[in-house]
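Per TrEMBL, domain 'Cytochrome oxidase subunit I profile' is recorded for A:34-535. What TrEMBL records for A:45-65, A:85-109, A:130-149, A:169-195, A:207-234, A:254-278, A:290-311, A:323-341, A:362-384, A:396-419, A:431-452, A:472-496 is transmembrane segment.
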Amino acid sequence: MATIVENPSLTGGSPGAEPVVDNYLTFTRGWKSWAFTLDHKRIGVMYLCATLGAFFVGGIMALILRSELFFPGKQFLSPDMYNHMFTLHGAVMTFLFIIPGIPAAQGNFVLPIMLGAKDVAFPRMNLGSFYLWVFGAIYLVAAIIFGGLDTGWTFYTPYSTTTNTSVILATTGVFILGFSSIFTGLNFIVTIHTMRPPGMTWFRMPLFLWATYATAIIQVLATPVLGITLLLLIAERAVGIGIFQPELGGDPVLFQHFFWFYSHPAVYIMILPAMGVISELISTFSRKHIFGYRFVAYSSIAIALLGFLVWGHHMFTSGQSAVSATMFSFLTFSVSIPSAIKVFNWLATMYKGSISFATPMVYALSFIFLFSIGGLTGLFLGALSVDIHLHDTYFVVAHFHYVMMGGTLIAFLGGLTYWWPKMTGRMYDEFSSQMAAIGVFIGFNLTFFPQFVMGARGMPRRYADYLPEYEFYHQLSTIGAFVLGVALVAAVGILVRSLWTGAKAPPNPWGSATLEWQCSSPPPHDNFATTPEVGDPYAVESVKWSDSERGYVKNPSYVPSKDH
Amino acid sequence: MSTADVVSPVTTPGEHHAHSGEGHDHGHGHQPHLAHHFESYEQQFDAGKLGIWLFLVTEVLFFSGLFCAYVVFRVLYPELFAFGHLFLNKELGAINTVVLLVSSLTMALAVRAAQLGQRQVLISMLVVTIACAFVFMGIKYVEYTTKFREGLFPARYFAPTPEALLHAAHMIHDAQSHGAAGHAAGHGAHDEHAADASHGHEGKAGDHSHEEVNKNGLTAAEQAMVDSVKVPANAGLFFSIYYCLTGLHGIHIIAGIAAISWILVRSIKGHFTPLYFGPVEYVGLYWHLVDLIWIYLFPLLYLIH
C-alpha cells in the first residue's frame, strides 16, 4: 500500500520539536485534501456532516407527518403522499442516519485515537465506505424524485413488487449503503484486532471499543443477508423470479424472514455503539471507575449474538408456527438480560460518584431514562399474547422511537458534545447547551409518550387519518415534535456557534483517562508522535484538574491500583 | 501474532521471514508498500489477512440467503427440482467444475510463487487462472443461451419450448428405462438423446425431414412424448433459483477476473516480494471461495435425484 498522499515529510511526527501547532484540520488545505483524504478524522467529520444533513431531512419529514396529524382528516397531505412521507422518513433515518451515525461518524474519529493508532487498518476502504454512503444517499434521493416510495422502510412483499413507485432505485440505494456499513464494520474489527498498542489487552480497551466491536460483528454478519434480500427483491420486480410471489409459488413470509434477519440485528447496530458512548460518559462525569467493566464488555457481545436469534418476533402475526413464535418470544426476553446488566452497571458507577451535570452527562442521564422505557416496553411486544393486541399500533412506534431516538440519537448527541472539543478544538457554551439537552428530553417525551397511550387504545400506525378520540394525543405528540425540533436545532446550533466564539479546548477538558484525551485538541495529523502509554481507561484518578491549563492533566501522585 | 511484534518500532521487515536475504533490499528506512500507519510488514499482512477472511464471511452470508431459499423451496416443492434439473447440462457443469478446480490449483501455485519470489511462475500461473475463469464463463454463456432459446426463463416468464420438453421427456424415459433395462442400455440411450438435444433445431430438421411434422416442428410420436411430460405447477421457480445462484456466482467470477488481472499487472511491474505478497494471497483466498461455492452449486442444481 502506498503511503498517505499528503505531505509525507511530516508523517511519523517530529519528536522533541516545539508544541504541535499543526492539526488534522489545518494539515493540508483545499477541497481536494478533504475529498480524497485518507485520514480517519477527516472522514469521520465528513460522515458527521453528512449524517447530520440526512437527520435534518428525515426530521423535516417527521414534522410534516406530525403537522398533518394535528387534526383528524386531510390537512395538506393526500393519503398517498402521507405514505411516501413516512416511508422516506423511516428509510432516511434508518439507513442514512442511525446506522452510520455513531459508528461511522464518531467511531471513525475516535476509534483509532482510542487505540493510540495512526489510522484505521484500511484507510482507503474507509474513504470508499464514505463514498458508498454518498452514492446510496443519491439513490434514495433519486427514488424520491422519480416517483417516491410508499412501501414503508421494510419493503414488504408482495406490495413492494406491485407498487409503481421507485422501489428498485430505493433498494439499490439501501444495497449500496449496506456495503458502506459492512466496510466500516470490517475495518473496525481488523483495526481493533491488529492495531492495539502495547499493554492494551482486550480488557484494557475502553468500553466504546467493545461496543463498536460488537456492532461491527453484526454489521459484517447481518448486512450481507439484507444485500441478497434486496437483490432478490430487485430481481423479483425486474424479471419476475417469483421467490416472494405467492401466485408464482413463492413465499412472501420468506421475505420477512430474510429482511428481519438483518433488520433486527440492525437495531443493535443502532443501539450498541450508543451504549458504548454512555459507558464512557457515565464513568467520566461521575469521576468514578466504571462498575463491572467485564460485565459491560461481555454484555455488548451477548447483545450482538442474541440479537441474531430474535428476528421472528417481528412476525408473530405473519402466520409462523406457534412453536417458533414461542421460541422467538423466549429468546427476545433473553436480550433484556445483558441490556439490564448495562443499565445496572451505569447506575452503580454513578453511586457515590462525584457527578457533574455537564451537557454530555445530561444526555447520558436522559439516555438511561429513555432507554429503560424503550427497553421495558419492548417486553410488552415480545410477549406473544400482548403483541397480538399491540401489533402495528402507535405503541410499537413509540417503543422503537424510545430506543432508537431516545437511545441512539440522545447518545449520539452525548458523544457529539463529549468529543466536540476534541474534534474542533473549541469549547461550546455549557449553560445553553444544557438547556438544549433538557429541551430535547422534554420534547422527546411529549412527542412519544402519548403514542404509547393511543397505541394501547388501538390507534394503528401508518394511517394518514384517525378517529376523533385520538385527537388529544396526536396534538400533544405534534406539539412535542416541534419542541423537539427546536431543541435539536438549538443543540446543534450552539455547537456550530462555538467554532467562532468558543474558548480554546484543552487536551482533556472532562477528566477522562482514555487515550484520545492525551493528544492535543484537535489532534495532529498522525494523532500521536509516539505510541502513548496505556493504562486503565477508567482510572479517572490518573488525571487531575489544573486551573492554569483549564483542563485535566496527569496526576503525578497517581499509583495504578492492582484491581483494574 | 504477539502484541510485542506488532508494535516494536525497530522491527526490520526481514526479522519476520525466513527469506531475510531479500528483505534487506528494503530495509533502508524507505519501505515500499508499507503503509504509514502500520509498524511492520507483518502487522500489515495480518491486518489484510483478517480483513479478507472477514470479507469472505460476508460473501458466505451473502450467498446464504440464496441457499436458504433453495432449501425452503426444495423442501416445499421437491418435484420442481426433480423436474427442473432435467434441463441442465450435467456434462458442461462437470467440465466447469474441473476447470474451476484447476484454476484453484494454479491460484494456489501463484501464491506460493509470490511467497518464494518466483516472478515468472507467478505471472504464468495467474495467466492460467484467468484463462480458466474465461473458459468457465464461456461455458456458462453456452448454457445460458441454450436455456434462453428453450424458453427456460425465471418463474414469471417460464415457457419451455416443445424441443425443451421433448428433451425432458427423453430424460424421464431414460431414467425409467435405466432401472428396467440395466445400466449399459440406459447409458447408451442417454448419450443418444443428449446428442440429439444438444444439436437443437438443425439436428431435428435433418433427421426427421421425411416425416410429417406438426406446428411445433414435432412428429406425432414426439408430440406424444411431449404431451406425456407433466410440467409441475410453478416449475419456473427452479430456474429462478438456478439463475440467481449461478448468476451471482458468475458475477463473482467476473469480479475475480478483475482482481486477478490487477494482481497480474502488479506482478509484471514486480511489486511482489517474499516480504510483500499480501494482495496475491488475499485475491487467492477470494478465488478459492468462489470455487468452493461452485462445488456446492454443481451437485445442488445439476445432480438431483
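Placement of Cβ uses the backbone N, Cα and C atoms for every residue, glycine included.
Owing to the predicted nature of the structure, the values given are computational and were not obtained by experimental measurement.
The transmembrane segment (A:396-419) shares the most Cβ pairs under 8 Å with A:362-384, out of the stretches A:130-149, A:169-195, A:362-384, A:431-452, A:472-496. By the count of Cβ pairs under 8 Å, the stretch nearest in packing to the transmembrane segment (A:45-65) among A:207-234, A:254-278, A:323-341, A:362-384, A:472-496 is A:472-496. Averaged across the domain 'Cytochrome oxidase subunit I profile' (A:34-535), pLDDT for the predicted model comes to 95.
Counting only same-chain residues 6+ beyond the ends of the transmembrane segment (A:130-149), those with a CB under 8 A from a CB of the stretch are 43, 46-47, 50, 54, 84, 87-88, 91-92, 95-96, 100, 104, 164-167, 169-170, 172-177, 179-180, 183.
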